[in-house]
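*Asks:* Here it is, the structure, as structure tokens.
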């Protein structure tokens, strides 16, 4: 933190409004969102370069899996003279898929330290370097006849993806003016969703999903990396990171002027005043141990982790990982089931595009409870319909409708809100730890679903969807009783509302 003389200088340059004046300014109806050229460039480039690449690596691996398994078996036989059994090959493939999730968990766990040590912008650049290394390994693994390169590449892009989900929503929310923080915060969720669809398309047999070209499918996201990282030298560092974490007031002011425009002196002065108030606040813990030990941060940390983990435990990835088999059970042919799976991904993307608009004008609590409640109903109905699908002819169509309905309402709250809610509940100092912990919960629960769902499906049948429905109900209750409304509020206003743990009165 800067010295008292620096703080006095900042106060002299930018006289701080009183708390009442500040709250009044934040709620004035004539304050409209300000989209500058630099802010738009940062939002689009980081979303396409980071979030879309993350989603791409998630979605691209499914379609060519049979071809890649054959190559893995042949390569291991040529290199080591061994032939894997069917179960051994399935175990190897599970490792190739799961090592990405392990990398994501590790990357998200390291996001807090990296974001505070190197900065938000630097984390984005590190992600680009990791994605590039992974792409090189993917491209040359066939030429080198190396399964090891494929596994290491998946781990490295997992690290990059974990770092993206932990730091990108935080970076976008901190460079945005308050009126646009929710809108930009949801860009990461939209990007990941879009990346999954792009990965599914690129891995189709008519594109790169062939025996000779599957390694091109794994590598194709490099086009996005090259285009989106070229202007990265223009990107600003987060003004809040510079001002509060590094104590560099002058640099923070320069970045704000670049983002808001030099003619927006009043807005810049207001943001400087907000950052100064936050820098002088009592909550200045920034290390993992400090955040975990601070009782004022316990409830918001639980909310963030439950939202991230619950997003995965609500069943969205189980639907997409195994939707082809679910559609086949509903009566579709294998080819039609694959197209239905792509259609579900496209629906997911189209509805996610409404996210920025919803977050700009709608309350978080309302959207989250609405989404959780309806998703719970659809998941329960999927379980019921699948159980009786052989007895009622039209239940096959009802199953497809319920899956599409679940995906539709998922993107109203369960999909986008967990990505950025930490940046609205936490002030800057502990924010990176909270976002990192939330991302870790997401990747861990994703891993649990990927590993356990096939086993549970075999054991429970259609009832495997009931725990997902219960998860949505619990998230709805958590939102109703403990999530304060964050729309249009600065984190410094929200933090005191949840500082008393489960005794907090959030309304």
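The backbone N, Cα and C atoms fix where each Cβ goes, and this holds for glycine too.
Grabbed the feature section from TrEMBL, which reads as follows:
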DOMAIN    43-487  domain 'Major facilitator superfamily (MFS) profile'
TRANSMEM  38-61  transmembrane segment
TRANSMEM  91-115  transmembrane segment
TRANSMEM  122-145  transmembrane segment
TRANSMEM  151-172  transmembrane segment
TRANSMEM  184-208  transmembrane segment
TRANSMEM  214-235  transmembrane segment
TRANSMEM  342-360  transmembrane segment
TRANSMEM  367-389  transmembrane segment
TRANSMEM  395-421  transmembrane segment
TRANSMEM  433-453  transmembrane segment
TRANSMEM  459-483  transmembrane segment
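So that I understand the layout, could you describe where these features sit and how close they are to other parts?
*Replies:* Averaged across the domain 'Major facilitator superfamily (MFS) profile' (43-487), pLDDT for the predicted model comes to 88.
Remote same-chain residues near the transmembrane segment (122-145) are listed as 46, 49-50, 53, 57, 71, 75, 78-79, 111, 114-115, 152-154, 156-157, 159-160, 163-164, 167-168, 171, 215-216, 218-219, 221-222, 225, 229, 232, 235, 237 (criterion: CB distance under 8 Å, separation of at least six residues from the stretch ends).
Same-chain residues lying 6 or more positions outside the transmembrane segment (342-360) and placing a CB less than 8 Å from one of its CB atoms are 33, 59, 179-180, 182-187, 189-190, 193-194, 196-197, 200-201, 204, 319-320, 323, 367, 403-404, 407-408, 410-412, 415-416, 420, 487.
Counting residues 6+ beyond its ends, the transmembrane segment (395-421) has Cβ neighbours under 8 Å at 165, 169, 172-173, 181-182, 185-186, 188-190, 193, 303-304, 307-308, 310-311, 314-316, 319, 323, 326-327, 329-332, 340, 344, 347-348, 351-352, 354-355, 358-359, 364, 367-372, 374-375, 378-379, 381-382, 385-386, 388-389, 438, 442, 472, 475, 483, 486 in the same chain.
Same-chain residues lying 6 or more positions outside the transmembrane segment (433-453) and placing a CB less than 8 Å from one of its CB atoms are 94, 97-98, 101-102, 104-105, 108-112, 115, 162, 165-167, 169-170, 286-288, 291, 297, 300-301, 304-313, 315, 317-318, 321-322, 418, 422-423, 425-426, 464.
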*Asks:* Please indicate, using numbers and ranges, the residues of the same chain that are 6 or more beyond the transmembrane segment (151-172) and have a C-beta under 8 Å from a C-beta there.
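*Replies:* Residues 42-43, 46-47, 50-51, 53-54, 57-58, 95-97, 99-112, 114-115, 120-121, 123-124, 126-128, 130-131, 133-138, 141, 184-185, 187-188, 192, 218, 238, 419-420, 422-423, 431-432, 435-436, 438-440, 442-443.
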*Asks:* Looking at the stretches 91-115, 184-208, 214-235, 367-389, 459-483, which one shares the most CB pairs under 8 Å with the transmembrane segment (38-61)?
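*Replies:* Comparing 91-115, 184-208, 214-235, 367-389, 459-483: 184-208 has the most Cβ pairs near the transmembrane segment (38-61).
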*Asks:* Under an 8 Å Cβ to Cβ limit, what residues of the same chain, 6 or more beyond the ends of the transmembrane segment (214-235), are close to it?
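*Replies:* Beyond its ends, the transmembrane segment (214-235) has Cβ neighbours at 38, 41-42, 44-46, 48-50, 52-53, 56-57, 60-61, 64, 67-68, 71, 121, 124-125, 128, 131-132, 135, 138-139, 141-142, 153, 195, 198-199, 202-203, 207-208.
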